[in-house]
Structure formats: C-alpha cells, structure tokens
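Quick look at what Swiss-Prot lists:
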DOMAIN    23-277  domain 'Protein kinase'
BINDING   29, 30, 31, 32, 33, 34, 35, 36, 37, 52  ATP binding site
ACT_SITE  143  active site, proton acceptor
REGION    277-317  region 'Autoinhibitory domain'
REGION    297-318  region 'Calmodulin-binding'
REGION    326-387  region 'Disordered'
C-alpha cells in the first residue's frame, strides 16, 4: 500500500506543519524569485541536505514546480544532483536535495594552480555521461552552463554534478519550441525560435568546452544584434595566441559540437567516443596562466553589463515571439524602447544585504569544508583583440528574493517554519514568473553578485515591469 501511494502523483509530498521540526536550518545557499535554498541538517539522522523552500503564491505556476519534480524523480545518475524527498505545508513546498558543497567549476579551476587539457577533458566526459543519460530518458536540460556544474565535495577527485532542472523538459515527439536557455550557451535554433531537440544540450557542452580551454566564450560582440547573428550563423574562431597551445583534437571536438546544423551536430554518444574524450589526444601541457587570467577577466563581470545583456536578450526574444501575432501587437513591440537595467542593481564588490543574513545557525553542527578564493575582479569584461565582451556568458541573473531574512538577530518564523519574511512573496509588486532555477551554491560565495533587471510586460491592457532572468524565457 505504501509503495503504491508513493507512486501516486497525488501523494508524492509529505505533509508538514513546521519544517523546522524535521530540519535544522543552518545557512542560506541561494535565493530566487520564488524560492530559497538552505543548508539544513536532518534532526533524526544528522545528515546534511540542501532544502529548497518554494512559497505558494498565485504568481507562481505549480506547473513549473511539477516539471522540476517530474524531471528529478525520474533520474538517478552519479553526476546529477538527487531529489531525496518532498514536503508540503499550507504555505510552502520543500524539495530535499542532495548537498553539493564542492564549489563551482570556474572557482575550482582558479584554485588549482596547474590546469591542462586533460583536466578539461575529464570534466566534459562526466558532463557528457550525465547528459547522455538524460537524453536516453527523454529529458533535455536546456540550460547547461558552468554555473550549473558543481563539484560534489571539496576533495581533489570530487565528481562533477549537474544541477538546476528548472528549465528541463521531457521531450514530446523529440521536438520542442519554447525559447529558453542562457544567451552565450544557447543553440542557434533556439535563439531563432525554431523547433529544436536534445541537440541543444550538445551545443551548450561545446560552448562550455571552448571556455574551459581558453577562458572566454566563442561568441562575443559589441552589440546584441551582432551577437545574436554570430550565434545564429555559428561563427567563431580559435584565436592566437590563446589557442596556440591547444591540440587539434580538442578543436575538432569543439567543431563537432558547435555545428550549426543540429542534424549534423555530435550527439553525446558520438562525443564520448571522440579521441579527445576516449583516447589520449588531450594534452597534459599546463594552460593555467592563460585560462585563469581570461576566466577572471570575462566571468567576474560587471553586474551592470550583465543586466544590460539580460534586458537585450529578453527584448529580442519578445520581438521574435510577437512577430507571429497581429500587426497591431507587432507594432507595439517595435515601438517599445529598449529595456534598461534596474537602478537598484549594485556594482561588483558592493555589500548585498539581501543575501547575507541566514537562518538561526546551530553552532554545534560543523559546516562542510568549503574552500575560499579571494577575488576582486572589477575590470570590464575583455576578450582577445582588446574588444569589449558584451555577450552574457556568466549565467542566469539571480533575482533578489524577499525570502532572505533581512533583520539582525534571531529570525521570526511563520506558520510553515520558514522565516516570516518569505510570506511577502506574491504581494503587490510581485509578478508571475515562468520558471525558477534551483540555486545550489556553497555557503561562502566567491563573488557577491546581485544581478537583476526589470522587464516591461504587457498584461491586462497595461504595461508593468517585473524582474527578469536570462536563462528563462518570459514568453511561453
């Protein structure tokens, strides 16, 4: 009977009146528009987990949560974060996730001191293996990027874990058409709003591989229109001197993944058989000095520039979408001024009070060993040749969430057991949001970014602004 109930879609959630009776809240790991992720300790077992708290709200679409849960419940792979349990209260949903505490991919590269093609090859091999598993199970991730590739533990030989299934989708007849993904990693067919398939993930892996070998993205331009055209044309280069020490095998591997025609693009299965992955062609020459320098220049980016590019991409996607509708609507979109960054976006290195307060800590419980890398990168993004880097390549813009405690001292709690401030979600000023990426971040963040952009949205005959996030198409 119990097993049958677990399989029943109406009973996959455990009911709770106070989640704090089950878990001790220890640290804020990440925040989003509709959710907060905490480091928690299970009271009965003492095990550590990442708990994603999702506030129930009319502005939040249950289908988005159901999609993420449906995806996570179907998958079990050593390189994919695991959904351990699900709870529900009158005000929240709670996803109990496997704790990923080893840090982000780029941070680990910067900490290494020595870094080779072979190191990059081993990372991509794990990613390909996990994505191949997803594809075999009819799941397309749709938002693969370095920020979603985390190390399981701080140990040197830790596995890479794929996180963030907020945009994942189970294929229907192998073809999808919703425009989503993160610009800079998104495939040409998605940016052009053409029907696409699981091949979009292979393109993203190609972009990630390119960055891992040189430290900057394959597509960058000084204007958003040129950037979009470059991606849709599939035009990129292996520029000197940044690629002089990289093997021809690595370049060949990338070319097969960054193939404009999705029908000709390498699948994960083919990529796993390439000699750069499965053979001995990945060089052991140290490329750390060049790659680490470019990563610091291009990925510790100005939040103002992140917000600008986010707005440009959302505006571009909206125009493409609305062109399919009536002439009057199309004219309204054409006349709409370009979106500008919200004035409250702070600059790199500034104090972000909205993400620093944490739930009540249990001092008797040791935190996972998390490495620290002091960073102070405030320079404007650059790319080879001295040109400015306008491509948004550092992932989805995170939304500052009212779920994060703001007050000093002990937290007040609501009826759900979470902090009372989370009850503000869905109030006046909060708008609907298509999909909320799960943020699994280690407790000590390397850069204190708070990138946000306000996007004009047409609704009910009037236009209002709401927080937008690259990586999520606001038009579905």
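Glycine is treated like the rest: Cβ placed from N, Cα and C.
The structure displayed is predicted, hence computed values, not measured ones.
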Round to a whole number and give the Cα-to-Cα distance in Å for the pair residue 35 (ATP binding site) and residue 143 (active site, proton acceptor).
18
About how far apart, in whole Å, are the alpha carbons (Cα) of residue 143 (active site, proton acceptor) and residue 31 (ATP binding site)?
18
Tell me, how many other CB atoms lie within 10 A of the CB of residue 37 (ATP binding site), whichever protein chain they belong to?
23
Between 31, 35, which of the binding-site residues has the fewest other CB atoms within 10 angstroms in the structure shown?
31
Could you say whether, by DSSP, residue 143 (active site, proton acceptor) belongs to a helix, a strand or a coil region?
coil
Please give the average pLDDT for the region 'Calmodulin-binding' (297-318) in this predicted model.
52
Is it possible to get the count of other C-beta atoms within 10 angstroms of the C-beta of residue 143 (active site, proton acceptor)?
27
